[in-house]
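Presented below is the structure to which this report refers.
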């Protein structure tokens with residue numbers, strides 16, 4: 001395999017989440033940072049100044065499925081946090097109480113509803129259930145467009161009959177996207193940044209962070225983690241996740257008085273599980289944690305949501321609204337490791353509106369890719385990751401400590417980059433000074449979000465981010481391949497799958513395939529190998545319109561490790 005970007009990332013010293021990834025795919029992102037003097041981060045060939053603990057590989061794979069859970073302890077009271085604010089639910093003050101036979105519904109306005117109609121329905125709903133028993137989501141134009149309320153059958157009929165409403169559905173709880181424990185991983189290439197003067201954080205043995213700051217050509221990983229002093233200063237990272245966030249944990253100690261750590265509580269439910277607080281706390285610490293995080297000097301807002309369909313939408317919109325209200329355009333990053341499959345088209349339309357609003361504010365959006373590759377779901381298929389088809393959303397997959405793609409991690413065209421997500425360290429809400437270990441894409445994504453915050457905070461790098469396209473510029477930079485992937489082993493790619501440009505059976509050698517790809521403007525990679533036809537093998541040349549790593553990720557697994565085909569990007573030399 002030709003050199004590509006390494007997925008080396010140190011273990012976080014305090015909080016760890018696991019989101020296992022899988023697949024035989026080369027990882028092409030790596031970050032290295034130097035404390036005090038500064039460092040550089042290389043993602044898919046792009047080198048930029050990097051903050052402490054920044055990593056370009058994103059991923060997580062839990063030892064216990066989904067990310068945070070080390071147990072299924074009974075629901076408990078939330079740990080203390082620095083701040084907590086609740087979004088207003090309605091301007092009315094009715095106190096009507098829903099019937100005991102009511103059910104929890106999410107209500108969608110028709111597309112292009114104006115403010116007068118949105119406000120009008122809010123008043124109508126308040127009259128039906130009481131202002132204290134409803135929650136409203138308003139967009140960045142201050143127009144109500146989604147509501148949540150407990151409705152009886154009679155109330156539901158009245159809501160559906162309203163001319164403003166498109167539909168009303170049960171507000172379903174979400175399920176954790178947890179990977180199985182990581183046992184095998186595919187290969188990945190390694191690449192390092194140029195060496196620079198650095199200052200270490202002593203006694204920080206977190207592997208994913210230490211790896212990021214190890215200079216190129218150095219055989220062994222540095223004994224300490226090193227990072228640049230900018231480290232996201234002046235940028236606010238919004239982590240949309242379940243909580244409460246344990247902001248009293250040592251990992252969230254602000255390095256200076258001008259740096260904030262707070263919670264924006266938009267959750268309606270007063271009860272929560274241990275898994276809820278473990279997941280959100282771990283994810284947040286990977287972004288800004290003192291020991292385990294990447295952008296240690298960035299501000300943090302933990303947006304606490306209900307683990308429901310409505311909750312994810314509300315959390316993302318709450319972040320967008322606050323960013324606009326506080327004048328943080330171009331000064332914030334939003335990341336979430338909560339994933340869900342859209343229940344209907346109107347939900348997707350609503351999510352599209354929220355993501356569009358964030359991107360228009362020059363706010364990069366970072367999402368976990370998911371951990372269900374072993375279930376036959378190769379590519380991201382859940383919101384908000386699938387929004388990468390339409391917007392410059394940064395989708396992060398997971399890699400292991402051996403620098404290989406985690407077996408459970410999703411991959412494919414929608415995945416922007418990968419970060420170490422196996423056996424990471426993060427803040428443990430069960431121990432105010434301790435760290436937990438976890439795995440999964442959930443914990444890879446916040447590392448990349450922290451890296452993005454670092455870039456946005458660095459004067460030299462920020463100068464190259466044009467207003468109006470900050471999110472797109474950052475996404476493209478992260479996604480740009482660093483070096484071609486060459487001689488990547490894999491099984492034969494099916495000829496009937498998208499991406500196959502055709503080929504030749506009985507071709508002479510690899511040079512034929514390489515030359516054919518070079519002459520084809522639409523070709524991005526090629527492969528040469530021997531097709532097993534039962535009683536005999538026959539050489540085959542194949543051409544593709546996707547990169548080699550993307551093709552191999554979609555090919556059947558090479559379970560026996562025979563390497564029947566070798567895949568190469570177009571720029572690879574023919575050998």
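For all residues, glycine too, the Cβ spot is worked out from N, Cα and C.
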Between 170-194, 195-219, 220-244, 245-269, I'd like to know which one TrEMBL lists as region 'Disordered'.
170-194
Which is it, of 18-57, 58-97, that TrEMBL names as region 'Disordered'?
58-97
Residue 241 (active site, charge relay system): tally of other CB atoms within 10 A of its CB:
29
Cβ neighbour count (within 10 Å, all chains shown) around residue 442 (active site, charge relay system):
41
Calculate the distance in Å between the alpha carbons (Cα) of residue 279 (active site, charge relay system) and residue 241 (active site, charge relay system), and round it to a whole number.
8
